[in-house]
């Protein structure tokens, strides 16, 4: 007894729906691979499950990106909006600019210059000379800055040395004063200046 025809409508039972999806998905992928081999066809297949998972297949002779580009050209339908198209163009422009800069850098290093004509070689030479001038100017600026810094350091060192000498002299003077006071106190007398009237008496005694 043959199988009955299945009505094509959404399967309400979740388990049955998952089982049916798995079987039919595998069947679609198998048919896509068969038609690719049997008919030498270019086939791309993308399936999104209800849970968001993706299954895709693309024939070995063409990648999916190339397949989508060909579809866009033949169908006349734009798969990318203007924003994405502008972004793609900007990426291409940056890649080309980067390639050009990499080539220019190799030329400045003296690499891959065999294909350059006289005009291009003169331009490379001018760029190198200009770069050397910039390097020399920066080198001179750094040397002058170093000299200024060395001069400032030497002047600061001189001032600090002078201040240190002054402090050492002041400490030595204070130490001598303390030693003299300690000596006078040890022997019980203090040196007093001679009073004017006493000095006159002493002079009169000497004269007499």
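From the backbone N, Cα and C atoms, a Cβ is placed for every residue, glycine too.
As written in TrEMBL, here are the features:
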type   : residues : note
DOMAIN : 1-61     : domain 'MADS-box'
COILED : 77-111   : coiled coil
DOMAIN : 84-170   : domain 'K-box'
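Same-chain neighbours of the coiled coil (77-111): 68, 71, 120, 124, 127-128, 131, counting only residues six or more beyond its ends whose CB sits under 8 Å from a CB of the stretch.
Here the coiled coil (77-111) returns a mean pLDDT of 81 for the predicted model.
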